[in-house]
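Chemist: My structure is below; once you've seen it, I'll send some questions.
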Amino acid sequence: MRVWIVFLLCLAGHAMAAPTEDELIVEEPVTEEPVVEVSPDVHPEPEVGANPVQVEVGEFDEAIEVIDDDVAENPCLNHHCKKGKVCEVDESNTPMCVCQDPSTCPAAEGEFEHVCGTDNKTYDTSCHFFATKCTLEGTKKGHKLHLDYIGPCKFIEDCLDNELNEFPLRMRDWLKNVLVTLYERDQDNNLLTEKQKLRVKKIYENEKRLQAGEHSLDLLAHDFEKNYNMYVFPVHWQFGQLDQHPADGYLTHTELAPLRAPLIPMEHCTTRFFEKCDADNDKYIVLEEWAACFGIKEQDVDKDLII
Ligand SMILES: *[C@@H]1O[C@H](CO)[C@@H](O)[C@H](O)[C@H]1NC(C)=O
Ligand SMILES: [Ca+2]
Ligand SMILES: [Ca+2]
């Protein structure tokens, strides 16, 4: 249970950090300058107003392109490549993206930068991982290789059936608490849209709401039964947060990564849970599958709730 709270605090920390960092930039633009150098492997700075879960997306999204502010004569300066690739010019000075040599990736500053691939191999940093994946492009091995989780590969114990059933209980409660925390902190910075705020307001102001904290599984199950309606929106909201690249109603492995990757080392049922979520086993999780995973009834699945 404790790990969920830590995770929540980490995410909430991001939400808090974003505006503070921005204020610093506004007040002291000079001190920020040396850090402005942008390269594909630098972790993107959280934007003000970005959702904390979303903030992490850049780290895992293979399709996301890094925006470089410098525009100059070098055609590469304005040419964006996806993760794992760098820009090079050919003989006619035309920019093109080629696989990055993993040895040119900045060295890891610590074990926390290591990532574990679905090949159960530890990569020094996500840069090393994506550069390696790029060199395997077009091969079956490369197609199957994904970033599995944050941190070095480790032994992850099997998830037992009864543990698997507990997982959504805690995750649902956690999603609800993330939203309420965002709402509480959202007085000035728009982490939520007006529509979303109204929906969370109802949860926030409900006196019967189970407060954040450690709760027994019995209590969580009881609360879900009694206050079912409070869980419907948070489950939809999380789907919308993840389904962004593109927002097409399908969650890919890459889109799920910002939620899944940090969770796996802490919660050994994560992988099995999301595998089971893809009920028809087509590698995509659609809203209906997602909602069912969290115990939301079919008749309460509503695409309009995501907006
Ligand atoms: C993955 O690697 C770790 C560390 O090397 C090892 O302990 C673990 O058993 C491996 N897992 C699988 C499924 O092979
Ligand atoms: Ca999508
Ligand atoms: Ca599916």
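Counting begins at 1 with the first residue displayed.
Yeah, the Cβs are placed from backbone N, Cα and C, and that goes for glycine too.
Checked TrEMBL, it gives:
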DISULFID  CYS76-CYS87  disulfide bond
DISULFID  CYS81-CYS97  disulfide bond
DISULFID  CYS99-CYS134  disulfide bond
DISULFID  CYS105-CYS127  disulfide bond
DISULFID  CYS116-CYS153  disulfide bond
DISULFID  CYS159-CYS269  disulfide bond
DISULFID  CYS277-CYS293  disulfide bond
DOMAIN    98-155  domain 'Kazal-like'
SIGNAL    1-17  signal peptide
Chemist: Which disulfide-bonded residues, if any, among CYS97, CYS105, CYS153, CYS159 have a Cβ under 6 Å from ligand 1, given in order along the chain?
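Modeler: Only CYS153 qualify.
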Chemist: What does DSSP call CYS153 (disulfide bond) in the simple three-state scheme?
Modeler: coil
Chemist: Would you find the one among the disulfide-bonded residues CYS99, CYS116 whose Cβ has the most company, meaning other Cβ atoms within 10 Å?
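Modeler: For the disulfide-bonded residues CYS99, CYS116, the Cβ with the most other Cβ atoms within 10 Å is CYS116.
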Chemist: Would you kindly give the Cα-Cα distance separating CYS97 (disulfide bond) and CYS76 (disulfide bond), rounded to the nearest Å?
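Modeler: Pair distance, Cα basis, whole Å: 9 Å.
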Chemist: If I take the alpha carbons of CYS293 (disulfide bond) and CYS134 (disulfide bond), what is the distance between them in whole Å?
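Modeler: Approximately 33 Å lies between the Cα of CYS293 (disulfide bond) and that of CYS134 (disulfide bond).
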Chemist: Taking the Cβ of CYS127 (disulfide bond) as centre, how many other Cβ atoms lie within 10 Å?
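Modeler: CYS127 (disulfide bond): 24 neighbouring Cβ atoms within 10 Å.
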Chemist: In this predicted model, what is the average pLDDT of the domain 'Kazal-like' (98-155)?
Modeler: 96
Chemist: Rounded to a whole number, how many Å is the Cα of CYS277 (disulfide bond) away from the Cα of CYS269 (disulfide bond)?
Modeler: 12
Chemist: I'd like to confirm something. Which of the disulfide-bonded residues, CYS97, CYS105, CYS127, CYS134, has a Cα closest to the Cα of CYS116 (disulfide bond)?
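Modeler: Nearest listed residue in space: CYS127.
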Chemist: Do me a favour and check the Cα-Cα span between CYS105 (disulfide bond) and CYS99 (disulfide bond); whole Å is fine.
Modeler: 12
